[in-house]
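These features come from TrEMBL:
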TRANSMEM  A:50-77  transmembrane segment
TRANSMEM  A:89-111  transmembrane segment
TRANSMEM  A:150-181  transmembrane segment
TRANSMEM  A:201-221  transmembrane segment
TRANSMEM  A:241-260  transmembrane segment
Amino acid sequence: MKAVVDAIARLGRLFLDGVQHAGSMALFAVELAWVLIPTWTRPRDILQQVYAAGVLSLVIILVAGGFVGLVLGLQGYNILSNFNASESLGVMVALSLVRELGPVVAALLFAGRAGSAITAEIALMKTTEQLAALEMMAVDPLRRVIGPRFWGAMISVPLLAALFSLVGIVGGYLIGVVVLGVDQASYWGQIREQMEAWDDVGGGAIKSLAFGAVIALISVYEGYRAEPTASGMARATTQTVVLSSLAVLGLDFVMTAFMFGA
Amino acid sequence: MNVQRGVELVVGLFVLAGIAALMVMALQWSNFGASRVSGYEVTARFDNVGGLTVQSPVKLAGLTIGRVDSIEIHPETFQAEVRMVIDDKYDNLPTDSFANIYTAGLLGAQYVEISPGGAIESLEDGDRITMTQSAIILESVVSKFLFDKAKE
């Protein structure tokens with residue numbers, strides 16, 4: 001009897017912890033929103049963060065995009081040739097990349113590569129009381145440390161997602177046209193016929209912008225509120241990757257339902 | 001200072017590359033532009049448009065010369081009224097041209113094919129193509145075939 005009550009109580013505590021976490025993140029987001037525009041008074045800081053988060057993630061994004069495109073080309077060709085429709089390979093590869101895989105996979109990779117780094121950096125600053133020192137000197141750490149990192153991540157993700165899709169489509173071209181012998185003109189022709197500029201490319205861009213904002217918020221929040229200990233830092237970094245991945249996938253479903261539903 | 005300059009340069013390149021990738025996909029690799037033909041409008045009424053949708057191509061001799069702009073039910077005849085925008089380049093289509101709804105491939109997307117007639121006057125903005133043939137619905141063809149067979 002006692003064990004059952006304990007189990008229920010534990011479940012209740014887990015739930016309450018989750019709600020509290022979400023609530024304090026929302027409060028933090030509001031607090032952060034106030035400094036987001038003033039952050040642009042120091043564009044150098046943002047630029048530095050775009051470099052750290054975006055440019056340094058380029059290698060993993062481009063390589064992953066290439067391989068995803070190659071695999072899509074290979075698998076798509078196998079399935080489509082069953083229906084004698086291998087000419088549609090291009091549009092299959094392009095639409096799956098532009099609508100879904102580009103934004104989602106780029107965001108997941110970004111969360112692992114750059115989001116965790118942002119969290120770790122901020123958490124270490126907090127652990128070593130650098131943030132407190134800034135406050136002592138009347139410098140707002142939200143504005144000088146958190147804001148630029150938020151912008152850096154949010155700007156980088158859509159750009160990385162676009163490059164991911166582009167490289168993926170070229171990868172599909174390599175495997176489909178160069179290796180498997182799909183007609184080159186119909187690879188590009190079908191893409192051009194069926195890909196919509198606003199609905200598909202624009203929709204993908206909006207998605208990746210939203211993913212960028214979510215990952216950026218989670219990364220800086222987890223770092224800012226990390227327990228100032230070694231294990232607290234480790235937990236915060238893990239939490240960033242787990243929460244970002246789940247948030248991206250969940251948000252992707254909701255956004256897809258709205259954009260491509262009906 | 002030198003390092004900072006290098007960082008700025010690389011970030012600039014990165015931002016440019018990202019935007020260029022978006023632009024290439026949105027403007028070069030999509031049907032951007034092709035979907036926004038400017039031209040004159042022609043309507044046609046069909047008993048059944050099948051899977052025809054807005055943005056479906058309008059073709060002449062297999063080449064796309066326009067797009068379907070809207071599909072509505074005509075309130076009096078209960079037919080589907082299809083409004084098409086045809087490129088101004090093709091302004092000499094005869095008034096007695098024929099509009100058919102065909103399917104690209106066996107299961108592909110549907111489109112309007114214009115078969116030119118022999119009249120001297122040509123279609124103008126707002127005209128209606130009176131001679132039309134509806135989309136072929138596979139089920140009705142199959143059932144017609146089966147009933148004809150049963151009669152024999």
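The backbone N, Cα and C atoms fix where each Cβ goes, glycine too.
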How about the transmembrane segment (A:150-181) and the transmembrane segment (A:241-260): at least 3 CB pairs under 8 Å, pairs 6 or more apart in sequence, or not?
-> no
Same-chain residues near the transmembrane segment (A:201-221), Cβ under 8 Å, at least 6 residues beyond its ends = 25, 28-29, 32, 98-100, 102-104, 106-107, 110-111, 114-116, 118-119, 122, 146, 149-158, 160-162, 165, 195, 240, 243-244, 247-248, 251-252, 255-256, 259-260
Folded-back contacts onto the transmembrane segment (A:50-77), same chain, C-beta under 8 angstroms, at least six residues removed = 86, 89, 92-93, 96-97, 101-102, 105-106, 109-110, 113-114, 117-118, 149, 151-153, 155-156, 159-160, 163-176, 180, 182
